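**Q** What follows is a single structure, and I will ask about it in a moment.
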Amino acid sequence: MNFLILFCVVASASVVYSSISDQCLRCICEVESGCRAIGCHWDVYSNSCGYFQIKQGYWTDCGSPGHSMESCADNYNCASGCVRSYMDHYIKYNGCADTCESYARMHNGGPNGCKSSHHHATDNYWRLVQAKGCS
């Protein structure tokens, strides 16, 4: 009986989520900046910076890598690592599919952006990502 309970606990804890694919990450980068280090600009109440147009809250949620949000956002390795950390953190908590569409909608619409109840806010963004060759 104890073995059965332990097996059930271990089995239910072993759900595995993969990380955002390199191709999907590249499509998001292309949409956000043409995949270039473009510095920061004011965008809807706050600065958006770098390759992925990362905002302060996003950078904090991804673990605040690098020396500052601005320097991380303009360094492709740091910025892509931040995006991966953000996605890895939120995909397992929001019940969304492990797909490029979910990741793109989360990047644009926040942690809940991939939920169907929020799709209306991220539909245009998802179409832009698809136009870069991702599905």
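Glycine is no exception: its Cβ is also placed from the backbone N, Cα and C atoms.
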**Q** Of the cysteines CYS24, CYS35, CYS40, which is paired with CYS29 in the disulfide recorded by Swiss-Prot?
**A** CYS35
**Q** Which of the three DSSP-derived classes (helix, strand, coil) applies to CYS96 (disulfide bond)?
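**A** Where CYS96 (disulfide bond) sits, the three-state DSSP reduction gives coil.
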**Q** When you measure from the Cβ of HIS107 (substrate binding site), how many other Cβ atoms are you left with inside 10 Å?
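**A** Other Cβ atoms within 10 Å of HIS107 (substrate binding site): 27.
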**Q** Using Cα coordinates, what distance in whole Å links GLY109 (substrate binding site) and GLU32 (active site, proton donor)?
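**A** Answer for this pair: 13 Å between alpha carbons.
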**Q** With DSSP as the yardstick, break the domain 'I-type lysozyme' (19-135) down into helix, strand and coil residue counts.
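**A** Here the numbers are 65 helix, 9 strand, 43 coil.
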